[in-house]
């Protein structure tokens with residue numbers, strides 16, 4: 001029977017009868033019953049809990065639906081047309097729900113989602129005391145008078161359900177069979193049913209995620225083409241450049257001038273980096289950067305040659321692993337910190353509060369995830385100067401490989417994306433299971449009722465979807481900010497998101513309590529953040545192309561040397577003097593490079609033999625040589641290249657802006673299918689309202705007619 005359905009469950013401690021909060025709970029129950037709700041007190045198998053199960057009778061539903069403006073007369077759930085949400089319209093991407101519209105209709109009665117909405121609104125304002133602020137279920141939870149409160153799913157749905165039911169018994173089982181099913185990763189989503197079961201907020205999140213995945217497909221294809229072209233370019237076009245590095249006999253200068261263990265390295269030690277790099281065009285962040293600097297110093301002072309050969313890869317890979325650990329740890333603190341800071345602001349409305357929390361969580365996540373990437377792309381190697389005397393561990397000793405910083409940026413980004421997605425998916429599956437395993441023990445082994453078994457599920461907090469959105473928007477930043485350095489980023493994101501979508505669906509249906517439904521008309525303020533990221537990504541890619549990569553410098557060299565790259569690497573290096581005279585070191589006062597340039601002390605034993613008895617060592621930069629009157633000052637070539645880099649940024653941004661304007665002109669703000677659906681919905685709504693008014697008018701006329709007949713009969717009887 002309808003009256004027997006449990007719409008909401010409130011969980012209290014079993015010792016509430018001896019608690020100071022007993023009076024609150026009694027008044028809370030009395031308030032609910034005075035509003036027409038039915039409340040039963042139950043005990044289950046978990047000995048520490050007492051359950052208040054709440055049911056909404058039909059009369060209360062009709063009354064409070066008008067009070068809270070919940071339209072229970074809506075004829076159906078067809079706001080999102082099923083025919084437009086499948087991938088390119090191919091039947092192979094459709095499910096049985098695509099051809100069975102009955103699953104989305106109301107079937108002539110109020111939906112469970114609407115019942116939950118009404119119950120939640122009543123609980124939000126339920127009084128439990130005489131004070132002005134003594135109301136609301138959240139207040140009881142914050143006072144620890146109540147453990148938790150949650151709506152129920154539509155029936156049981158255990159892990160044993162694998163989609164094998166011939167006829168699913170409820171919407172939850174339908175969603176598990178046709179949506180939260182990993183074998184259907186390529187199928188369309190039943191967005192109408194998601195909106196009917198979870199509310200439009202959840203439906204819009206998954207609609208956006210599905211759209212995002214479809215838009216990643218062409219980007220992934222372009223990324224694959226770019227990577228293949230890079231390999232071909234490496235083997236055919238840029239072989240001269242690779243040979244310049246691999247066959248070079250130039251000696252690279254040691255970076256740490258004052259250490260007794262700094263060593264010279266040959267340029268050809270970067271041969272492996274060159275082969276990989278060509279064509280692949282806030283608190284803890286400083287700890288990761290310092291880790292990179294420290295590890296770089298340790299590697300440079302080591303005599304183990306493989307460390308020097310693969311130092312770029314080792315540094316970026318290990319620092320990326322460390323960063324992922326910090327991201328996961330501090331992500332928990334940032335969530336609570338954002339709510340705490342918003343509470344201090346005391347916004348006027350709930351929507352302002354939610355938006356403020358959302359912005360804070362994203363911008364804290366921005367610093368948490370992107371800082372090391374921006375450091376590598378735009379700050380690394382910018383502080384080095386040959387006429388300074390930096391220490392062994394210093395920010396000016398954290399230099400890029402002679403082939404450039406693009407390889408470091410590529411490895412850092414790829415490791416971040418892959419490790420974050422891997423650890424995120426593992427934690428998503430395991431954490432709810434572990435948490436529920438530590439719930440209170442049973443008194444007996446008797447079967448649990450649904451209202452008790454769902455207490456063991458992972459709580460679906462108010463900002464559950466905010467967390468999911470932040471993860472996806474952060475990933476969108478990875479894909480767009482530095483795609484010039486890692487063209488395969490869209491492919492990695494696409495593969496992760498195909499799994500992420502079904503994983504999120506699975507955990508919502510099976511691992512989490514049913515979230516309180518929220519009705520929204522879109523993804524809200526996330527649109528603004530996506531717009532900001534998209535515009536910012538144009539600038540970051542322009543600067544990566546112009547300043548992080550050597551694209552501009554190579555084009556200048558090709559233009560000046562008749563299309564040849566022969567000798568290009570040498571043109572990007574500057575020299576310093578090496579002294580091989582042992583007598584200069586007798587007083588331990590002589591620097592490694594040039595006594596006139598540094599004041600560092602070094603012993604004769606610390607001077608590692610320069611390779612091939614060269615009198616010069618080289619570093620990446622455009623500065624005058626040591627025998628020039630302007631030694632170590634920037635050359636005119638540096639300023640010429642700087643100007644051309646800025647020109648590249650301006651041209652790149654204007655091309656993107658022009659292309660974006662042309663595409664935006666031809667794409668309508670609202671698709672035609674959505675316009676037709678909205679018109680259809682509005683027409684049906686008007687027809688329904690007219691029908692309701694006509695029915696009410698007919699009832700009034702019928703009562704008036706009946707009253708007139710009764711009066712006429714009464715008058716006739718009196719006359720007789």
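Glycine residues also receive a Cβ, built from the backbone N, Cα and C atoms like all the rest.
Feature annotation from TrEMBL assigns domain 'Anoctamin dimerisation' to 106-191.
The annotation domain 'Anoctamin transmembrane' is assigned in TrEMBL to 194-233 (among others). A Cβ distance under 8 Å defines the sequence-distant neighbours of the domain 'Anoctamin transmembrane' (194-233), meaning residues of its chain 6+ beyond its ends; these are 77, 79-80, 85, 87, 104, 111-113, 117, 154, 171-172, 175, 179, 188, 278-281, 465, 468-469, 472, 476, 479, 483, 487-491, 493-494, 497-498, 500-501, 504-505, 508, 514-515, 517-523, 526.
The transmembrane segment feature in TrEMBL is assigned to 215-234 (among others).
Among the features that TrEMBL reports, domain 'Anoctamin transmembrane' is placed at 276-678 (among others).
Look at TrEMBL and you will find 276-299 (among others) tagged as transmembrane segment.
Sequence annotations record features per position, and here TrEMBL assigns transmembrane segment to 311-331 (among others).
Annotated transmembrane segment per TrEMBL: 362-378 (among others), in sequence order.
According to TrEMBL, the feature transmembrane segment maps to 473-495 (among others). Outside the transmembrane segment (473-495), and at least 6 residues removed from its termini, the chain residues within Cβ reach (under 8 Å) are 212-213, 216-217, 219-220, 222-224, 226-227, 230, 280-281, 362, 365-366, 369-370, 373, 377, 406, 409-410, 413-414, 416-418, 420-421, 526, 529-530, 533-534, 536-537, 540-541, 544-545, 548-549.
Marked as transmembrane segment by TrEMBL: 646-667 (among others).
According to DSSP, the secondary structure content of the domain 'Anoctamin dimerisation' (106-191) in residues is 32 helix, 6 strand, 48 coil. Predicted-model confidence for the domain 'Anoctamin dimerisation' (106-191) is 81, expressed as mean pLDDT. Broken down by DSSP into helix, strand and coil, the domain 'Anoctamin transmembrane' (194-233) contains 39 helix, 0 strand, 1 coil.
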